[in-house]
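Participant: This is the structure I have questions about; it appears just below.
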Amino acid sequence: MDTEMADTSALSSHYGQVQVHFTTNSPDIELPEGKRQLLVPTNVRRYGLSQILNSESMLDTPAPIPFDFLINGTFLRTTLEEYLTANGLSSETTLSLQYVRSLIPPLFEASFEHDDWVSCVDVLSSSSLAGTWGANVNVPVVLGQERILSGSYDGLLRLWNKSGQAIATSSSSSAGGHTASIKSAKFISPTQIASSSLDRTIRIWKYSEADDHFSGELKPVLELYGHLGGIDSIDVHGPSNRILSASTDGSIGLWTTAKNSAPAADEALISGPNAKRRKLTTSTNTPQRGPLSLISSHTAPVSAAIFNPLDSTVAYSASQDHTVRTMAPAEFGTFEVRELARKMKETAWLERLKETTGRGRRNQSVRDGTCRVWDLRSSRTGTKDEGNGVVGEAVYVIERESQKGKKRPVGGEGIKVYGVAWDKEVGIVSASEDKMVQINRGRGVTRPNDP
Amino acid sequence: MAPTAVDRKRKAVTRDVPESSDVESEAEFGDGLLEGILSQSEDSEDESDENEESDQEDEEDLDELEALDSDEILSEDGEDEAELNGGLVKSNGTKRPQTDLVPGQAQAEDDEEDKPNYRVEVDANGGERYVYEEIDPVYDSDDSDAPVTTNTIGNIPLTFYDSYPHIGYDINGKKIMRPAKGEALDALLDSIDIPKGWTGLTDPATGKPLNLSQDELEILRRIQTNEMPEEGYDPYPATVEYFTGIEEVMPLSAAPEPKRRFLPSKHEAKRVMKLVRAIREGRILPYKPPEGREEEEEEIHYDIWADEQPRPDHVMNIPAPKAPPPGYDLSYNPPPEYLPSKSEKQAWEDIDPEDREREYLPTTYDALRKVPAYDKFVKERFERSLDLYLAPRVRKNRLNIDPASLLPKLPKPEELKPFPTVCSTLFRGHEGRVRSLAIDPSGNCLASGGDDGTVRVWELLTGKQLWSAKIGDDEAVNVVRWRPGRDAVILSAAAGEDIYLIVPSVPDVNPKMEAASKELLDTGFGYATNATQALTANGQKKEPVAKWTRPSSRLQDEGVLIKITVRTTVKVISWHRRGDFFSTVSPTAQRSAVAIHTLSKHLTQIPFRRLPGIPQTVQFHPSRPLFFVATQRTIRSYDLQKQELVKIIQPGARWISSFDIHPGGDNLIVGSYDRRLLWHDLDLSTRPYKTMRFHSKAIRAVKYHKGGFPLFADASDDGSLQIFHGKVVSDMMENATIVPVKVLKGHKVKSALGVMDIDWHPREPWCVSAGADGTCRLWM
């Protein structure tokens with residue numbers, strides 16, 4: 001404390017001081033009551049504040065913990081003085097600084113090679129949504145038995161364990177598999193998987209695993225017909241057995257995984273004029289069903305549709321017509337369609353809309369061959385050009401391992417990232433055009449006590 | 001000027017007279033009288049002069065003109081005076097004494113002096129002898145009208161004699177005693193009647209009381225009341241018209257009018273011409289009002305002391321004024337108030353050295369020995385040398401116009417967003433050049449065709465190849481085009497002489513639409529078989545211009561359903577907006593170069609028997625039944641219904657490569673192999689509205705955005721695309737604004753070929769380009 005104060009006084013000969021009040025949401029790193037108020041020089045940045053907190057007189061941590069500081073819900077990225085002047089505050093005010101553990105850049109862990117471009121990934125773990133749904137129905141995921149699902153442009157689904165061994169591969173198109181590239185795949189429960197493809201279908205698979213957990217089987221159980229174009233994105237809700245799909249024909253579909261409650265499929269869609277080819281493909285007799293509801297609310301291809309993870313009665317969809325719409329799939333007949341972002345920046349139409357509201361962080365895959373970690377708290381107010389909203393800035397950029405050290409190719413050629421999943425146990429899993437699934441894991445990210 | 005001055009004088013007189021009657025005031029008064037007299041005498045003299053000189057009028061006028069000529073401009077007053085003086089000299093020989101008081105007296109004197117007081121006789125020697133009259137030595141014969149006694153003290157004030165009983169001396173040296181005065185005299189005077197004309201003033205010359213006559217008093221009164229002092233003066237006398245147009249009954253002269261009165265005077269003309277010449281040569285200038293003071297200030301002042309040499313002191317030498325001595329701020333240790341503050345110092349340093357008010361900055365040093373050497377010494381010497389060395393001998397007139405101001409005002413490209421800026425997807429797979437590409441009407445797929453004879457369909461956003469078919473065995477696919485309309489998915493491609501109509505079996509195609517497409521393609525077969533074939537003159541069956549057949553079963557499996565074979569290589573396919581007609585161009589064919597195919601009837605027609613040149617490309621008008629055919633140099637528009645030529649557009653390009661019609665239908669862009677991009681307004685002229693030459697190589701393709709964005713693009717052999725903002729307004733009065741917004745570079749140039757084709761996304765501001773390097777690129 002003494003040295004700290006001495007430093008402080010030495011610095012304060014040139015700079016002013018400001019009263020700060022340290023708060024945190026993590027009880028294990030909470031400061032004692034008397035030490036929370038402190039006078040700090042205004043020229044310190046995050047690093048200086050972190051040093052002050054880690055000093056003996058404050059937290060007295062055995063190993064220094066890097067901290068980030070939140071003022072008013074946004075990260076402090078400047079000196080305190082610059083923050084004060086930018087917000088028009090006087091140095092007399094008491095700043096309330098919330099400190100959280102810093103994010104450490106995620107490190108590369110593993111890559112799983114595929115035969116073709118990988119379009120999507122999903123993770124099954126005890127903390128993933130499907131895992132929690134499974135736990136509710138007494139099919140819990142054992143720790144260490146996490147599974148990674150990947151869908152590829154060769155039309156096959158693959159299941160991997162964390163060490164990179166392929167446990168199961170879906171059947172080919174002749175045996176009831178997808179006839180075209182898979183665009184999206186999701187775990188519904190530890191034993192059920194949904195996948196959507198460019199062949200206009202959604203397929204439900206039953207996944208069973210051998211006892212040694214090193215081999216498994218994917219069996220098609222249901223084919224869902226209804227969309228007139230390729231299905232770019234699906235989202236699932238396990239407890240209600242609902243699937244939400246987004247198609248390039250501009251429509252959004254709501255489906256059920258239950259064979260009995262699903263309506264019959266449109267015959268014209270199943271056996272089209274090129275029946276010859278179709279016959280070849282459907283040698284196995286998988287039941288075929290239609291959608292519960294199908295609505296064409298967008299005028300352009302829909303790129304993504306998701307359920308609200310906290311409230312499955314609300315869904316969102318993003319489209320190339322520059323709109324994001326909210327709807328209530330529960331009463332699918334009467335869509336409550338609201339235009340959220342009419343004036344969204346033209347080129348920045350949402351490619352993947354992922355919301356992890358619990359953590360308040362987004363993970364987005366982008367076309368330039370990188371995976372970026374975003375934080376909703378790290379944002380700035382958008383300029384008029386950007387539509388006056390809040391524009392986020394990536395916290396970390398994860399490059400493709402296959403492209404390490406090379407110059408980024410024009411147009412993200414060969415390294416476009418098509419899918420990403422983030423799991424507490426596994427890390428950040430991304431699928432890309434380089435035929436790899438890449439796992440990156442951050443150290444501080446999945447700490448249990450991390451807010 | 002003159003009258004006012006007189007007025008002022010008269011006023012002064014009226015004020016002075018009652019106050020004091022000293023010598024000066026009298027002199028003034030006399031002046032006033034004299035003026036009146038002179039004016040009268042002048043009048044009479046003038047009259048007499050005119051009488052005498054009436055015959056010599058001409059000459060006099062000429063004299064006046066001469067006077068003018070010699071630049072001597074006289075005011076009227078001056079002229080009068082001059083004439084007056086002359087008159088006086090003429091009449092008298094001597095000047096009239098200025099102290100004359102009464103006109104009558106003066107007249108008398110004149111008379112006396114007129115008569116000489118001598119006789120001229122001849123003496124004994126025969127010489128002239130002046131014999132003066134005898135003087136009669138009477139009492140006052142020598143000076144009859146002189147005052148009896150005159151004080152001879154001269155021009156000294158009388159006050160000098162105040163302490164004496166006399167006031168001066170007469171001519172004989174006798175004292176002139178002061179007249180009696182004082183209380184005793186007053187008492188006496190009071191008892192005596194005041195004599196007539198008594199004024200109570202003393203005549204300084206005599207010391208006696210000054211008496212004024214009644215006439216004199218009257219004159220004084222008149223002067224005081226600002227009247228003419230002369231009695232009975234008429235300021236406006238009736239003119240006596242001696243010489244007028246009125247013919248007198250009894251003329252003064254009976255002489256007939258001389259001839260010269262009626263002739264223009266030669267002398268006068270000569271003088272006028274002299275004046276005219278002077279005016280022409282600029283010796284006489286028109287009168288200019290004196291210029292104001294401001295201009296005087298702007299006069300150039302010469303520094304006469306610029307190179308002053310020390311000279312001995314002399315009256316004619318004005319030395320230069322001394323420079324002010326150095327002030328405190330020049331001191332090596334100036335008082336602190338003279339030292340500049342930090343901000344002043346900064347301001348001084350910020351100013352350009354040429355604009356600084358003073359060349360130095362006051363600086364302080366503790367002691368004189370601490371003052372450093374002059375720091376700019378070397379620099380100044382160097383610049384001086386440089387000036388001498390580089391001294392320009394000729395002054396150059398530089399055009400001082402900001403070149404930026406001459407450019408037309410164009411909006412900034414940032415304001416014209418959105419437009420494609422970056423390459424976001426590459427489509428790799430073709431071996432050899434990609435010759436043509438097209439985005440399907442729904443905007444999900446991209447079709448391309450290249451030198452390897454394949455037609456490929458790609459997923460637009462990811463760049464994944466969805467479908468491929470090899471239609472040209474050893475021939476390149478020259479062109480691929482989608483059929484417009486969302487009701488069917490039909491791709492047309494041309495390889496060699498064959499045109500293929502394809503329903504590509506991409507996985508995500510809607511089966512209903514696929515079925516509809518196939519039906520659309522197949523319906524024509526019935527027509528084709530039923531149609532009666534035209535016969536030639538010989539009665540034989542005429543060779544049809546095109547054959548509609550099924551391709552090989554291999555191709556049919558892949559979705560290639562119809563093959564149309566024409567006579568020569570097809571280079572261009574252009575669809576009608578309804579999707580029932582399409583036109584092909586095979587430039588090498590002589591007469592059947594342009595063919596129009598009807599999809600629903602499997603019918604091929606040759607619309608033109610003769611074409612004035614080799615056709616390059618064709619287009620259907622987006623809304624009217626017009627058909628545009630581009631030959632190498634011109635574009636002709638034909639009315640298809642009336643079958644007539646509507647318009648010939650002459651872009652002025654040497655070899656047109658491609659053109660496109662604005663979706664509004666009134667504008668046209670033309671790209672040419674001679675690197676030009678031309679914008680035509682069809683309503684305005686057959687000549688281009690704007691010519692752009694930004695590429696270094698030939699332009700291969702031009703395309704308008706058809707989905708609502710005011711964009712167009714061109715593709716060139718230099719490997720770049722240029723994106724333009726081209727806004728067409730419905731207002732007829734306003735011209736289209738064309739702004740180049742972006743150059744997209746990325747395609748490699750292979751064997752002098754760069755970008756072969758471009759197309760726009762039907763909704764988004766994205767464009768795709770086909771490169772000779774075997775790739776297609778999506779720009780967004």
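For all residues, glycine too, the Cβ spot is worked out from N, Cα and C.
Here's the feature list from TrEMBL:
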type	residues	note
COMPBIAS	A:281-294	compositional bias 'Polar residues'
DOMAIN	A:18-84	domain 'NLE'
REGION	A:268-294	region 'Disordered'
REPEAT	A:175-215	repeat 'WD'
REPEAT	A:224-265	repeat 'WD'
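Describe each of these features in terms of where it is and what it packs against.
Facilitator: If you take every residue in the domain 'NLE' (A:18-84) and average the pLDDT, you get 80.
Long-range neighbours of the repeat 'WD' (A:175-215) within the same chain, counting only residues 6 or more positions beyond its ends whose Cβ lies under 8 Å from a Cβ of the stretch, are 116-117, 119-120, 122-124, 128, 130-131, 133-134, 137, 139-141, 145, 147, 149-157, 159, 161, 165, 167-168, 221-225, 227-236, 238, 241, 243, 245, 247, 253, 255, 257, 269, 281-284, 286, 419.
If one looks beyond the repeat 'WD' (A:224-265) by at least 6 residues along the same chain, the residues whose Cβ comes under 8 Å of a Cβ in the stretch are 129-130, 133-134, 136, 180, 183-189, 192, 194-204, 287-307, 312, 315, 317-319, 327, 329, 332, 352.
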Participant: How do the residues of the repeat 'WD' (A:175-215) split into helix, strand and coil according to DSSP?
Facilitator: 0 helix, 23 strand, 18 coil
Participant: Could you count the residues of the repeat 'WD' (A:224-265) that DSSP puts in helix, in strand and in coil?
Facilitator: 0 helix, 20 strand, 22 coil
